[in-house]
Amino acid sequence: MNPRQRPPPARGPSHGSAYGANLGLTPPPEAEPFNIIPIHNLVLDHPSHRYLEVRAVAAALRAVGDLRKPPFVAWRDPMDILDWLGAFFGFQRDNVRNQREHIVLHLANAQMRHPPSRDHIDSLDPTVLRRFRYKLLSNYSSWCSYLGRKSNVWISNRRDTSSSDQVRELLFTCLYLLIWGEAANLRFVPECICYIYHHMALELCWILEDRPDENTGRPYIPLNSGENAFLNRVVTPIYQIIRVEVENSRNGTAPHSAWRNYDDINEFFWTRRCFRRLKWPIDVSSNFFVTEGKSKRVGKTGFVEQRSFWNVFRGFDRLWVMLILFLQAAIIVAWEESGAPWEALESRDVQVRVLTIFITWAGLRFVQSLLDAGTQYSLVSKDTVWLGLRMVLKSLVAIAWTVVFGVFYGRIWSRKNHDRRWSSEANRRLVNFLEAALVFIFPELLALALFILPWIRNLIEKTNWRIFYLLTWWFQTRTFVGRGLREGLVDNIKYTLFWVVTLASKFAFSYFLQIKPMIAPTKAVLKLGRVNYRWNEFFDNSNRLVVGLLWLPVVLIYLMDLQIWYSIFSSFVGGTVGLFSHLGEIRNIQQLRLRFQFFASAMQFNLMPQEQLANAKGWGKKINDAIHRLKLRYGLGRPYKKIESDQVAANKFGLIWNEIINIFREEDIISDQEVELLELPLNAWNIRVIRWPCLLLSNELMRALSQATELVDAADNDKWLWLKICKNEYRRCAVIEAYDSIKYMLLEIVKDGTEEHSIIKNIFLEIDDSLLNDKFMKTYKMYALLQIHAKLISLLELLNKPKKDVSKVVGVLQALYDDIRDFSKVKRTVGQLREKGLAPSSPTISTGLLFENAVELPDVENAFFYRQARRLEMILTSRNSMHNVPANLEARRRIAFFSNSLFMNIPHAPQVEKMMAFSVLTPYYDEDVVFGKEQLRTENEDGISILFYLQKIYEDEWRNFMQRMHREGMVDDDEIWTNKLRELRLWASYRGQTLSRTVRGMMYYYRALKMLAFLDSASEMDITEGSKEIAFVGSRRRDSLLDGSSGRGPSSQSLSGASSGVGLLFKGQEYGTALMKYTYVVACQIYGTHKAKKDQRAEEILYLMKNNEALRVAYVDEVQKGREEVEYYSVLVKYDQQLQKEVEIYRVRLPGPLKLGEGKPENQNHAIIFTRGDAVQTIDMNQDNYFEEALKMRNLLEEYNTSYGIRKPTILGVREHIFTGSVSSLAWFMSAQEMSFVTLGQRVLANPLKVRMHYGHPDVFDRFWFLTRGGISKASRVINISEDIFAGFNCTLRGGNVTHHEYIQVGKGRDVGFNQISMFEAKVASGNGEQVLSRDVYRLGHRLDFFRMLSFFYTTVGFFFNTMMVVLTVYAFLWGRLYLALSGVEVAMVNNTNNNKALGAILNQQFIIQLGLFTALPMIVENTLEHGFLQAVWSFLTMQLQLASVFYTFSMGTRTHFFGRTILHGGAKYRATGRGFVVEHKRFSENYRLYARSHFVKAIELGVILTVYASHSPIAKSTFVYIAMSISSWFLVVSWIMAPFVFNPSGFDWLKAVYDFDEFMNWIWYRSGVFSKAEESWETWWYEEQGHLRMTGLWGKLLEIILDLRFFFFQYGIVYQLGIAGRNTSIGVYLISWIYMIVAVGIYVIIAYARDKYAAKEHIYYRLIQSLVIVLTVLVIAILLEFTPFKFIDLLTSLLAFIPAGWGLISIAQVLRPFLQSTVVWETLVSLARLYDILFGVIIMVPVALLSWMPGFQSMQTRILFNEAFSRGLQISRILTGKKPNID
């Protein structure tokens, strides 16, 4: 027993912990449910009570001492400090109970980790408590310092604390936890909690100081006291104001500037006015609580989120200033057209012209000041006058600098021109300019100096001295966050070097290949003579407009290509960092075979606590550690010898490895046969070596035999042979194990005491003697070994048969004996053999009766013996290397990653008792828990059921599952739907993205901790004897199950696994230890509703709780209190194994409805009070975990004790594995993209760039650091729609540190269907659009140093912004080409021979767009690192053949559309993508609804531009030139139109295409009603698509109208090209063309009117009107053809002019809908819009129908979509045709 544990004392009187009005409701303590530790009753026999630390903390809490007893409460002795606080301050009883367990668990765990002290063996160590208080109240202390307030925590800081000081420590600590535990939504406003704590701590001090009440003179009582006083009087008023503000947001559609979000409420408490306004107790009449009237209410605080594209410039102004200034300087230098830029700079003229960048810089500062004033003006009030003053002064100063620089610059040139040379006076004026410039850039030079000395910058920002505030007032607003963000000098150097190289490459490339080649063409165009314009030209000298259009795409590329350079360099740096981290050294089973013997030592070194290393400290420990790791990685010193000599270590390794293999079998990723090949049998049969898995020993014995037969004539044969054999460790072990096993087996099957037994014994003694004296090869014939080997195989085959034939065994033994008798080189007589005991003494036996009565085979029930015999047979018979074991690719990947990770740099594992405790938190709403029977069987329209799909995708796993079911008692396959239905549902659910899969994965932590706790505490005897017991019981169970004799159902086995493997050896305390260290909370928000409705999901969640004892479920319960009133509670439940039912543990009342902001963070927030431990891992519903990875969790948590740079981590980033990559090609593309992002991308962000945030949900948070700083996500409506990433922003702004660790991984599922993926991309892009507006991004853009700001920008919002810039570049290029073609400028340029070269240079610029291919580089580099170069190249080529480029191009359009629209108009919303299996065909109408506006219309627009350009451009007449220029644009057009159909199952099926088009037309013409949905009616969808225009502001509408004006350019440019125009270029031609538009609309109106009036009853009139219209139209066309230059081709050409113009009119009308909807025009517009959508639908449908009609495309598309699944055995032809067997 551990010396710090003791048995629980005898049962004594029990107690409860109720107080106040709840006293009578207290259940008896024995019946009171508990969560993890029964704190209420320490006499209960619970494993946790064995720990002295638990008792010590509980005793410290009960040491109330002489504290004044609270009034109005019947105080009883067992009550403790938390009861005392609850009674005084009015906390809820269950909040007190929850926080009691919380603090007891934490302090007990902390004291376990603390070095033991003689003075505090059975009492709470003051150091532990003090450290916890410092950490818990660190944010409060910073807040007090920031506001210049003295902390109200009155505690002495001396080390020798008295008992009263300890009571005070506990009181102040518990008070904060109680406030936090009941704060509900206020947990998102941490400084508000600081404000509340500040006043309540002061009241606590007054109570402790026995201060009398000023009004009554009686002992002081808190101003908020009584039943639920804290909730009702403190939390609820602030909650209500948040709730009202959220209601004012109109569900997030109101502008962010119109209402206060969580951040605004919180930042109100960053100013001293919170004390003046709110007072204490909280003054609800304060204007803080006013929500109407701008003059009275407190508005936005700290920041105003204004929707504008300018936010990208405003937030990252330093980046854009750098790019703009370099572009200007580069153009000036390149304009000289000298060889190198430094040659041009030798000219004084050029030098002076370059100085104009200072004028531009000053102008940009003015723009920045205007943007600040324009967006933040509403912050100015009488309390923030200085802010308004600074805004005004900044604008004035920027104007002044612009004027000063302009004047100084003008004076330089005026003097130079006057003197006609650079005179001394001109040079003096130049010096004056430079002096002014030096003053101008002085702040930048100061910032540079502080960048070089980061600790000084941090000191200035963190120190709250007023002098520092005054010095920095001009440059930035003082905020509580964003201070002291500078990193250490070493980190500075690393990321500075990265960006210096990146920027140097970018600028060199831009100058020489972008800017300089454009100079000559620009000059040529400017010198171009009189251009014969084909239209009415509004400007005389419009060549400048042409130059602008030529330069526009180049400038756009220049502004965005730094993203590409970042991708290139980050790929190489990430690959290098990964290489030095030893990633990918073991990529497959073959490489594992080479290092498995080192792997055993590595597991012992990393996963088992190392006491000797714990004693070393400092650099000595690090050096020893590094040397040891080198030995492990490269086999120096043969570390496996240590394992072999240490039987306990070998057994521990075997226990862990076998448990991993057993769990692989439980998961059905390996078969029973593979288990025997992979498991490491624990020592038996007196074998002298480690019994490596058969997988490693395969073929080794045969090679050893081959070596032995080859070395017959060599000198020193024995030593030489043994040396050759020992060169391969596995061969050595195979030989020794085979020999020892054969010896043991033969002696076992021959009766002891018989002469035959003695003969066998003597034979082996003789062989042993020859081996010992190195005479084996001299004594025996080596060629006879093969005969003996064959006989042994025959013997083992007989032994391993189900029916044993003893007579045949006797015969084989006799033959074997004959071979051994003749084995010796020296032929010996029978007498000689008898003399040595090698022959029977009786001549009768020697004549043929040997072994006849001596063989006694072990009983069939001796499964252990026969299992060892099977292993021996495998060693003797295997003749291949078994490279394909295990067959399952996932099993191979997991084994390879786990083994490789143990050779990486991992912190040493502490004992489980001394490890940090942690929790896992998973938010759940109403997704699938376990697939139901009907879900699995129901077929879609193609005849595919989920089960059939899974059987084909996971064919080998289905086979293994059925094998397991038969082993566990299933006789007939049909039983799978009856007796084994639960197992079937679980098997399917574990392959979907279900809650059961996530729970199973997260419970591996609990299972791993129990095993590790056992190994930590077990003695050598426990390990040795336990290993034998496991081997015996495991063999017996396996063999009995093979016979179908097990009656145990597998349901609990598959979930808990406690009854197999190491679980057999547990003594009991392992459960208590694991529960103290780990808790899993699933936040099932509407579990209460599910229970009330008797929803199947509630039953499945209960089932999960029943089978996972560490699982807790938190939900929000709504209790009706009358007609109107509803009470809301956060409830925690668990399954009580003794009572066999669900029990409620805690019920904490909430101030109102949970969901005020975004749903997921609110769900996390309500449940986080039930988590425990130092850390919390956030896990999503689509994630999984692996047992072998769970073993490394305690290593990972030790990272919190390691400094990375100048800070210790606050978020530990964890690697993800995308487990959905094998489902389809789409899933593979998504997986590859995610893989490079979550591995290489995150690796580089963490090191060297130091800007990793929180991008995924496996990350592990420092729980107490985050719970005092706003939680693990942000929840404000819409602005925080990407709630996760804001946790990283908040962490960085508050001085946290985020690291990334790749030796541990968590599984993650991704969307697998095309529409799912697109909705996910839309959600992420919209979220990034909202991030651009947020205060977090703005502050990070300004508070990070320049280089970290670059890293932050290009890895968050910059990536989406630059993606949009790529698309805008295509637009700018094509519109520019269209202008040149239609205007006639291009003809003039072509005719001018001097411009041919210039034109070529302009065209060559477009190849830069193709640099986007470099964005695929991270994927290739990461695959190379982890899978090898050839595999990476092959994967990349395969992806291209499967049209990955089409998919990624389409995704680029998705990101562009939703990012741009969100910034411009808003409309970001959560899009439920669904996580099911997508194998059904999506209808055309659904694809059209999803992609019409984001892709199809844009693609058609670009296609029209390319078509018009091809028909009117002289350059396009050269096919090669046109193709070279437009191929990338055509690829984009085709991708945007065809991708939804290429990646749609049965997308090119002719019948489905016909049905789809019919359904599309029905949808178009369906008349909408009040309750119509977008899926039913085109009109409803059309109105929904305009939703963003209803919520956008005035600037958004104006910009939308401006953008829509581009469609009228088609009409303007094309009408002058028509034959009827007669080359007339007057403006009248364009104006007259509008008659055509009016006539066309008029005709449509007439026909529509006639249809509505006559079509139903007087059909003849309707036909008459149609005929008249047709006749008149034909007549007009005939007249025009006869009497005007009109040509028939003009009819087709004019369509390209007027159809886009009509679309432009409709688009503008949608913006003006509020004014037009009530007029008669609106109905006509709606009808025209319907026609346009029909036209677009037909255009999209034509290529789809054509490809569907052509033979072969359907099968090709199927191959493209499901190729990966094909390689895994998917019979896709049967799936898509529905030809499959019925499974009933």
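From the backbone N, Cα and C atoms, a Cβ is placed for every residue, glycine too.
Taken from TrEMBL as is:
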COMPBIAS  1-11  compositional bias 'Pro residues'
REGION    1-25  region 'Disordered'
DOMAIN    167-283  domain '1,3-beta-glucan synthase component FKS1-like'
TRANSMEM  319-338  transmembrane segment
TRANSMEM  350-371  transmembrane segment
TRANSMEM  433-456  transmembrane segment
TRANSMEM  495-513  transmembrane segment
TRANSMEM  542-559  transmembrane segment
TRANSMEM  1352-1378  transmembrane segment
TRANSMEM  1398-1417  transmembrane segment
TRANSMEM  1429-1450  transmembrane segment
TRANSMEM  1521-1543  transmembrane segment
TRANSMEM  1594-1615  transmembrane segment
TRANSMEM  1627-1648  transmembrane segment
TRANSMEM  1660-1681  transmembrane segment
Quiz item: Which residue counts does DSSP yield for the domain '1,3-beta-glucan synthase component FKS1-like' (167-283) in the helix, strand and coil classes, in that order?
Solution: 78 helix, 2 strand, 37 coil
Quiz item: Any chance the transmembrane segment (1521-1543) and the transmembrane segment (1594-1615) are in contact, meaning at least three CB pairs closer than 8 A with a sequence separation of 6+?
Solution: no
Quiz prompt | Listed stretch, out of 319-338, 495-513, 1660-1681, that has the most CB pairs under 8 angstroms to the transmembrane segment (542-559) | solution = 319-338
Quiz item: Taking every residue in the domain '1,3-beta-glucan synthase component FKS1-like' (167-283), what is their average pLDDT?
Solution: 89
Quiz item: Between the stretches 319-338, 433-456, 1594-1615, 1660-1681, which wins on the count of C-beta pairs under 8 angstroms to the transmembrane segment (495-513)?
Solution: 319-338
Self-check item: Positions whose Cβ lies under 8 angstroms from the transmembrane segment (319-338), at least six residues beyond its ends
Solution: 313, 344-345, 347, 350, 353-354, 356-357, 360-361, 364, 507, 510-511, 515-516, 519-520, 555, 558-559, 562, 1349-1350, 1353
